[in-house]
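To start, the structure itself, in structure tokens.
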């Protein structure tokens, strides 16, 4: 009897344990949590209106029903929060029946979004980069927008040359972009250059090597680079490469590395041997590298044009940027408007499983326009996807103004994408290796040739 | 007690929840990984069955050799520092004549309870080629051997492995110390009375009697070395290039950067197989009659 009672007790306890483990809630709890985390960011608009079109050419949905859309977007610093808040405030005016519930995206290389896709829990609207776009297109987790209502108008409103940020290489549209084609430049500290007797801008490699020696003699790191992130070493390489090969990595179609790549690798290696980089460069993050530059420990910094605002804030009139040096002055002049940047599709995309797909598409296009509008009008940043017909509110920093007046009207080319993941990964690895002593341009050539032979069969 | 052990229903009732939970969180993912390793799969869709292609690709992948070499070096450093040094320190702390033993024991274990991230950041600063403690110390004593500890392909894997060895030496130390304390003191005392030195007695009695403890410590150290990941991720992001890749880092890259989940599953299966092989070999090496005392 005791034995039986014990068995019953033990079985009941086990069953309770299992049941309690299973009852912790799934999707509903998550949704409640998502909603709870974003009350400040929700553009709540309980009163429906009859809005049908807006001044940006995007037609508003005909429905008057309140619509709630979950959006997965970056929202973690001023660069991401301010445009989002601006766009949401504008949305409230244009589509008051739409409520956005923000699910702030993680800086996790798209993992959370992929988990949503794998578990069938996709947000209505999400920010997608090209890598995610390709994977989601293959698994039908992203809406094809080729024939969507706002697409034709959006395409016609693109700034000249910005087609690559909206149209994929196979000719489709999966997202509405807000950023234009961004590129990398070399920032330099004018005061340090003057103190070391280095003339700016540096135009040739010989001048660059000479400058390195002058900075080193003064105990200054010639160039700060946050090469713990592989992409920046890759961009540095591309900066050298595009002097000779404006197409960039799109030229990697054969089984062997073209001459321009070998030359760029050799120049990279020579600059390293001359002492351009800090010995700890591949272990330096952005905060460390920018701090070196802004505290006067480094003479130059390589980063995208978006660094202009931060550089202006930290160094004021002591900072400027320069084009990439080339093998000689003639090449420098001929190639300085070959920009070290390649646009790739990215922006706001829509889930095909959204219950309010049509509205979500309209909202995605609207948000992209408003993000661009914020950057243009509030920051004076002209590098946005679409034309903005509103006046600039903020005066852009002098460096940005120089970019606007001198560079953007004269851009000759942007580099083009290479779609092969293995080739891009190999470039990331081997350009980072080039920064390290002991790894030569010959090693770079050998490794890349092996990958090219394997991938471009 | 015997009464309950004779009741199969009671055994099942107690064991089932744990077994179910184990199956859910361990066995199921392992079986899924094995299954998915035969697919070309991006982690989202259904994937395409491709037989043994992922494994064939794995053995052609130049990263495999790098990862195996680094895993081997990592494991070796752990064995030398954690088990070698841990044994010496455990023997010292087990000696009742040594003063301050409690302080030493606590001190050895403190790094174990620290966050791995904190420890890695600490050692990143220590290894800094310009202002780091290690190079400064060399400079101070006039040794010209200055290194870029975390960027030099020749030494970075050893430097990273040492961080793991340093942090978790206390864990191995506590296992070894417990092993020493479980051996009756009379054996060593008898040997010393018969004229053996203290270290001689340890060499001939204590250490041989700790075979089971050493076996467990070796399995932990070697499988830990083969599958090392966190330190590489935090300290060097696996770089420069792929210099500090291990099998786990390969899995991470292929799954989360290149979205080749099927291939990453194949690497995972290979990692499990290598770890099991290492465990079997260690078990065979230590196969002997179990001693009871």
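Any Cβ shown, glycine's included, is placed from N, Cα and C.
Please treat TrEMBL annotations as automatic predictions, because they have not gone through curation.
Marked as domain 'ABC transmembrane type-1' by TrEMBL: B:68-282.
Sequence-distant contacts of the transmembrane segment (B:73-94) (same chain, six or more residues past either end, CB-CB distance under 8 Å): 101, 104-105, 108, 157-158, 160-162, 164-166, 168-169, 171-173, 176-177, 179-181, 202, 206-207, 214, 217-218, 221-222, 224-226, 228, 246. What TrEMBL lists as transmembrane segment is B:73-94 (among others).
Summarising the annotation, TrEMBL assigns transmembrane segment to B:106-127 (among others). Beyond its flanks by at least six residues, the transmembrane segment (B:106-127) meets 89, 93, 133-134, 149-150, 159, 163, 166-171, 173-174, 230-231, 234-235 of its own chain at Cβ-Cβ distances under 8 Å.
When Cβ-Cβ distances below 8 Å are used as the criterion, the transmembrane segment (B:147-166) is approached by residues 70, 73-74, 77-78, 80-82, 111, 119-120, 123-124, 127, 129, 132, 134-135, 224-225, 228, 231-232, 235-236, 240, 243-244 of the same chain, each at least six residues removed from its ends. If you look up TrEMBL, you'll see B:147-166 (among others) marked as transmembrane segment.
Taking Cβ pairs closer than 8 Å, the transmembrane segment (B:213-234) reaches residues 70-79, 82-83, 86, 116-117, 120-121, 160-161, 163-164, 168, 172, 175-176, 178-179, 207, 244-249, 252, 271, 274-275, 278-279, 282-283, 286 in its own chain, all 6 or more past its ends. Taken from TrEMBL, the feature transmembrane segment applies to B:213-234 (among others).
Look at TrEMBL and you will find B:261-286 (among others) tagged as transmembrane segment. Within its own chain, the transmembrane segment (B:261-286) has Cβ neighbours under 8 Å at 30, 32-34, 36-43, 47, 50, 54-55, 57-58, 68, 71, 211-212, 214-215, 218-219, 222-223, 226-227, 247-248, 250-252, 254-255, counting only residues six or more beyond its boundaries.
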